[in-house]
Amino acid sequence: MLFSKSLVALVACFLPLIVSATELKLRNAAATNVAADSYIVVYKDIDDSTFESEMFNVHSFLSKRDSTFRGLGHKYKMPKFKGYQIESDMDTVNRISQSPHVAYVDKDVKVSAYDLSVRIGAPWGLDRISHRNGTSPGLEEYTYDSSAGGGTTIYIIDTGVYIEHVEFEGRATFGANFIPGSPDTDEDGHGTHVAGIAAGANFGVASKAKIIAVRVLDANGDGKGSNVLAGMQWAADDAGKKNQTAKSVINMSLGADYSEAFNKATEAIIAKGIVVVAAAGNEDANASGVSPASTVDAITVGATDRNDSRAAFSNWGVALDVFAPGVDILSAWIGGKDANKTISGTSMACPHVAGLAAYFIGLEKNGTSTPSKIATKIKGVATKNVVLHPKNSRDNLAYNDDGY
């Protein structure tokens, strides 16, 4: 009897796959910077049992249809976001998408780190975010509460982190690696630089926060959206297992063409109680066209220079919540335990604000922090009306509320 019920369920599931396929439920059809023949199938808000049945049936169908099928890729299972990555041809994905449980399909967008030019400079950014009225020339003075993000964790979803760097004082660990065949370290430098800005001993905003590296980009700073989503889920699950959700921040100094799957996954993580901070992007374009920057409840960060002018490369628009220093930023680098480098990008602005988020969470005495409260705090205390040429963006410049 149990076998009969299973058989009926299996046949019912495959009806949409057997009939003529109708229009593919593809949301980001215009995206061009994508991984070939790779898709993310996103389901409606179904229960875990139904989702597991869907994956089993799709796997069975594809195994019979294609002898070279190697199985489904990353699986994503979070509240209000369930799906998986699949490598297959458009016709096959079209048929799979006809299941009544499938909400939509996204092309697997390519993701890149947001760094730019290299130049000798100094960590003036810390000085700026702790002073209302500009930097202190020659002083590089950072005024902050000595709690400095203690008791919080910042997940750096990036190229990895060189955790042995002296800037991290043993506070950095390597959490997970989603680049097959790569070592558990940073081969590019971008992730280490970002981590240094967020929580380095000398370069960092929250210098007592823990750092956990989640590698989703390769040695060139590139990767696939499906790997980034897997890294995001790992970070959310890790924070949950440690009962540290309310004390965790995810930094995403990376981006891709707009992807609804990307944004929905980001919203799902925020709904779990984790602050997500995203770089606006470096195309001098509307940030509403990139992900995860366009996610409504993420804290999206644009870049400014020493003169409080929006950086020429920084994306802009209503998706931005706040600006932060992002030009000529000095931080940790790879190649030696005390290596450093000065680079620019919204990738550098983003960890200033991720560090601020951890800093403000650390100041909470009763542990009632939420992503909404932290976002409101960051936008509320930001220095207003000082950013030059914000270009239809909120004129907020990040501030730690402890300087003068």
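Using the three backbone atoms N, Cα and C, a Cβ is placed for every residue, glycine included.
Copied from Swiss-Prot, the annotated features are:
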SIGNAL    1-20  signal peptide
DOMAIN    38-112  domain 'Inhibitor I9'
DOMAIN    123-404  domain 'Peptidase S8'
CARBOHYD  Asn133  N-linked glycosylation site
ACT_SITE  Asp158  active site, charge relay system
ACT_SITE  His190  active site, charge relay system
CARBOHYD  Asn243  N-linked glycosylation site
CARBOHYD  Asn251  N-linked glycosylation site
CARBOHYD  Asn286  N-linked glycosylation site
CARBOHYD  Asn307  N-linked glycosylation site
CARBOHYD  Asn340  N-linked glycosylation site
ACT_SITE  Ser347  active site, charge relay system
CARBOHYD  Asn366  N-linked glycosylation site
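Asn340 (N-linked glycosylation site) sits 11 Å from His190 (active site, charge relay system), counting Cα to Cα. Cα proximity to Ser347 (active site, charge relay system) (within 10 Å) is found for the following recorded positions from His190, Asn286, Asn366: His190. Calculated from their C-alpha atoms, the gap between Asn251 (N-linked glycosylation site) and Asp158 (active site, charge relay system) amounts to 8 Å.
Asn366 (N-linked glycosylation site) falls outside any helix or strand according to DSSP and counts as coil. Of the listed glycosylation sites, namely Asn251, Asn340, the sparsest CB environment within 10 A is found at Asn340. Mean model confidence of the domain 'Peptidase S8' (123-404) amounts to 93 (pLDDT, 0 to 100 scale).
Each of the recorded positions Asn243, Ser347 was ranked by the number of other C-beta atoms within 10 Å, and first place falls to Ser347. For Asn243 (N-linked glycosylation site), the nearest of the recorded positions by C-alpha distance turns out to be Asp158; the candidates were Asp158, Asn286, Asn307. Note: the CA-CA distance between Asn307 (N-linked glycosylation site) and Asn286 (N-linked glycosylation site) rounds to 22 Å.
Secondary structure of the domain 'Inhibitor I9' (38-112) per DSSP, as helix, strand and coil residue counts: 26 helix, 28 strand, 21 coil. When secondary structure is read from DSSP and collapsed to three states, Ser347 (active site, charge relay system) falls in the helix class.
Spatial neighbours are here defined as Cα atoms within 10 angstroms of one another, and by that definition the neighbours of His190 (active site, charge relay system) among the recorded positions Asp158, Asn286, Asn366 are Asp158. When other Cβ atoms within 10 Å of the Cβ of Asn307 (N-linked glycosylation site) are tallied across all protein chains shown, the result is 9. The local packing around Asp158 (active site, charge relay system), expressed as other Cβ atoms within 10 Å of its Cβ over all shown chains, amounts to 30. If you measure from the Cα atom of Asn286 (N-linked glycosylation site) to that of Asp158 (active site, charge relay system), you get 23 Å.
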